[in-house]
Each structure stands twice: as structure tokens, then as C-alpha cells.
Amino acid sequence: MAAPEQAPVEAVEEKQSLPPSEQKHEHEHATYVEVQNTDLALALASGPKLKANSARSIQLFAILLVAFMGSLSNGFDGSVMSAVNGMQQYLDYFGINSQDSGGGVGTTTAIIFAIYNIGMIAGVFFAGPIADRFGRRGGMFIGGIIIIGGAVVVAVAKDIPYLLGGRFTLGFGVTITTTAAPAYVVEMSPPQWRGRLTGLYNTFYYSGSILCTGITVATGRNSSTLSWRLPLALQIVPAAILAGFAWFLPESPRWLVSVGRNEEALKILAKYHGAGDEKAPLVVLEWKEFQEGVKLDASDKRWWDYSELVNTRNARYRTFMMLLMGFFGQWSGNGLGYFLPILFGAAGANSQNQRLTLNFANTIVSASGALIGTSLTDRVGRRKMWFWGTLACSGTLAIVTGCTAKWGSTGANPAGANAAIAFIFIFGFVYSIAYTPLQALYPAECLHYNTRAKGMATYALAVSCASFVNSYTGPIALERIQWRLYIVYVVWDLFECLVIWFCAVETKGRTLEELDEIFSSPHPVRASTTKQKLAIVEGKA
């Protein structure tokens, strides 16, 4: 389908500091719009418009929905163990100490949680090469199969070694899917929708969380081992969908170009980014950038070569941004989420059913925050959301600390205890607005195509190491210093805000390849927050 005729468009570029909002200035013959990049803005203004309700777009959304199962699988495991660890049936079966704290604490629980992260760390060394060698679809398929195997083992576990083996396998498989799936979503998404679609990918973490925490409220009333075996077994479902449908998806056009399958890549790009028109301005722009940016002999063809992550100043800054999100995304207080039933117990929730119900409700609140954050990523921008969200996390955790310290589980002041629980909910809400959409989107955007799979595997390594610290030290710290653990996160979040303010690059409003100019700049932050003025002149050349 040919591109519709448009009035001639003239572009005028003027460097300006970032305004408070994208203001439009109407003149007699021109509309001035301040944009991040004029090439992309011109392509979007002069080409066929993608409509979210068109058949092609709905097909694209269905395709990406399959990839979202990678995030749903991760969310299921992250929440199911939190809930199961709060069940007395599970604790009694495996002989785990709870010290009347509302869930398992101490070294045994620390090892059970941490072994998942050790599996993720082990998977890092295979995830990048698999996604590069077999494509993004291959990575999703292989990771899904491994997750199914791990879920079967934990569901039938007879003792702690069984449980550890299954959780190690789950972590190994999740690393592969969370390397391939977000890279696939970022690369398949049209640039004008990339923030929302990739943010929605990570928001599906909460789809898994809501499903499993809701189920544990019901199964927790069953006195048999089915109470915890059934939720653990349900991890099989999203992984089976991912593995079962992966090979029916179109492959990432960027990956196809990287292996020399240009004709196939162009057809897929035109179908989903240009409404079927290979000469659509956006398709022409992206295809030109593919040809310039995707190398046939880059390090992604050598499974052992990670040098392009650090061999230039540009690459090192990209890697720095990716690692910041990896560590900050896990150390902003969300690590406490593994032990929410214990936190609710410390704040005054005394029965198992009450704690499990609060855990379920908190997941719904957090999911709503994630959806709001996803809707804002392409409007507000990544940098603003990251900074203000982290600052809000510090503030809400400070209030939780004060309320728990003064009233807590003593029951002396029910209103104070309820305030602590309320601000645990508010923390989950604000964290989800800022971090849930960005955790998959931002690192994938920052990485160059030739390093994206191995970079995302390295990102998974950073997340796994940070999560290992959370999951291993969390139960021990909660046993020994209790609510005082919150203070560590309050102070650390303030430090994160300083680093984000001075170092974080804005990636909104550019194609993935155009970000190369930003990271090559002597001042990447300044370059990323500078806008250009685009003059759209109708009826004139």
C-alpha cells in the first residue's frame, strides 16, 4: 500500500533546553513542535499512521502477548514463594523456622530464596549466546521448556534438596526468557509505541503475581500439601504458552538482518511498522539505520565475546546505564516484597489468612501502579519517572519505618498499625509506577543491537546478584534487626536519586539506532535532555 500524499514538510532544528512540556507554537503558516529527534518526527508526520485498532496492530499485540508470558512467569515465581513462605502448612512440611513472625525466616529460608538467584546467575552465561544463535524466538522457547522442568520439580518436592534443585532450574530458565523476551518486544515494537509496549511487558509480572497470590488465599485454607503444591505447579502454565507458541511468531527484524536474511526482515518491518508499505517513511528510516548499525561480523556472532559492552566510551556508558537499572531496580526496597507476609505480621496482621489476603490486595495495588506507569513512559519520559519514583519510594518507606517502630505488632495502636500497612501498599504503588515499566524497557533501549542479547544477559546477572543479596540477607536481617532493615533502603534510595539526576540518560522519542549519537556525546545527559524545534509547514516546500 502506497503512502498517502501529505503536504510538504519543512524541518528547522534549534537546540533548546528541555522545556516543562512539549509546547506547540502556532504561526501563520507553520506549527512549531519541540521534539527529541527531527528525523523520527518527520517520518511519523509524513507516513501512514499506525492505528492501534487496525488488524495489523491487533495482530502485533497478540504476538507480543506471547512474549509477555516471559515476564508473567517471572512474576509468578517472585510472588508465589512470598505467599507460600507465609503458609504454616509449607513451613511444617519442610521443618522451617518461622519464630511466630508470619513466615519463614533464618538461614534455611535464605538459602531456598537465594538458590533461585544462583540459578539465574548460572543461566547468564548461556542466555545471551542462545538468543544470538537461535534468535529471540529460540531463546523464549528454550527458556520456557527449562522453566516447565523446574516447576514440575518444586511442585512434587519431598524434601528441601528437591526444592532447591527445582528453584535453581527455574532461575536458570527465567534468565534465558528474560533475556530473549524483552529484547524481542523492544525490537518488534514501533518506536512511537515502544515505551508503552515494553513497559506493558514488565507489567505482566503483576499478572503472574495477582494470579498466584489470589490462588494462595484460597489454597491456604486447605490443610494438606495441596495448599502450597498447587500454586507452585501453576508456574507451568505461562511457560507452556511461551514455549508452545514461540515458533509461530515472526522473528525480530534486527536479528534477521544480523544473519543476512534482509528480504524477510524488510517484509516484517513493513508489515508491523509501515502498515504494509515498504516505502513508508518510518520503514525507510529504520531500514537505513539497520543497515548502518547492525553488523554481520559483530561480537554477537561469537558466543564468548562480550568485549563490545566495554570497548568504547559509548559502550561503557550504555553498560553503566544498564547496570544502574539492574541494581537500583532491586535495591530500592522492592526486595522486601519477597517477605510481605512477614512485613504485614510486623505491622499488626496476626492471622495467616489476613496476611495472605493483604499480600493479594497489595499485588493488585502494585499492578495498578504499573499500568499507570506504562501509560506515562512515552509522555513523561524515562529519566523523570525514575528520579521522582525513587524519591517517593524513600519517603514512603520512611513512613513505614516510623509507624512500624512506634506501633507495629504490639497492637497498642491499631490505627498506627493500619497506617504502616497502608504505606506498604503505597510504596508498592509508587515503586511500580517508576520501576516496573522501566526495568525491561530502559536497559534494552540503552544497549546497541549487536550487544543487546549479551547485554540483557549481563543485566540479568546484575539483577540476580542484587536479588541474591535481597533474598539471602533479607530473612536473616528480618530475624535479627526486624523493622530497622527499612532504614537501609530509605538512605540508599536517596543516594540512588543523586546518581539518577547526574547520570541517567533520557531515551524517549528516538529510534534505538539514533541513541548512538546520545551515548557518543561528551555529555550524554545534556544531549539527551536537549530538544529540537521542528517546523511543520503546510502547503509550502
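Every residue, even glycine, has its Cβ placed from backbone N, Cα and C.
Automated prediction, rather than curation, is the source of TrEMBL annotations.
What TrEMBL says about this protein:
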COMPBIAS  1-10  compositional bias 'Low complexity'
COMPBIAS  12-28  compositional bias 'Basic and acidic residues'
DOMAIN    63-508  domain 'Major facilitator superfamily (MFS) profile'
REGION    1-28  region 'Disordered'
TRANSMEM  58-76  transmembrane segment
TRANSMEM  110-131  transmembrane segment
TRANSMEM  138-156  transmembrane segment
TRANSMEM  168-186  transmembrane segment
TRANSMEM  198-218  transmembrane segment
TRANSMEM  230-249  transmembrane segment
TRANSMEM  320-344  transmembrane segment
TRANSMEM  356-374  transmembrane segment
TRANSMEM  386-409  transmembrane segment
TRANSMEM  415-435  transmembrane segment
TRANSMEM  456-474  transmembrane segment
TRANSMEM  486-505  transmembrane segment
Which of 58-76, 198-218, 386-409 contacts the transmembrane segment (168-186) most, counting Cβ pairs under 8 Å: 58-76
Interface present between the transmembrane segment (356-374) and the transmembrane segment (456-474) (three or more C-beta pairs under 8 A): no
Criterion met for the transmembrane segment (356-374) and the transmembrane segment (415-435) (at least three Cβ pairs under 8 Å): yes
Contact ranking winner - 58-76, 198-218, 386-409 against the transmembrane segment (415-435), Cβ under 8 Å: 386-409
Contact ranking winner - 58-76, 110-131, 230-249, 386-409 against the transmembrane segment (198-218), Cβ under 8 Å: 58-76
Tertiary contacts of the transmembrane segment (58-76), as residues 6+ beyond its ends and Cβ separation under 8 Å: 140, 143-144, 147, 174, 177-178, 180-182, 184-185, 188-189, 197, 200-209, 211-212, 234-235, 238-239, 241-242, 245-246, 249-250, 272, 440
Chain residues outside the transmembrane segment (386-409) and at least six past its termini with a C-beta under 8 angstroms from it: 328, 332-333, 345-348, 350, 373, 416-417, 419-420, 423-424, 426-427, 430-431, 433-435, 438, 442, 483-484, 486-487, 489-490, 493-494, 496-497, 500-501, 504
Taken over the domain 'Major facilitator superfamily (MFS) profile' (63-508), the model's mean pLDDT: 87
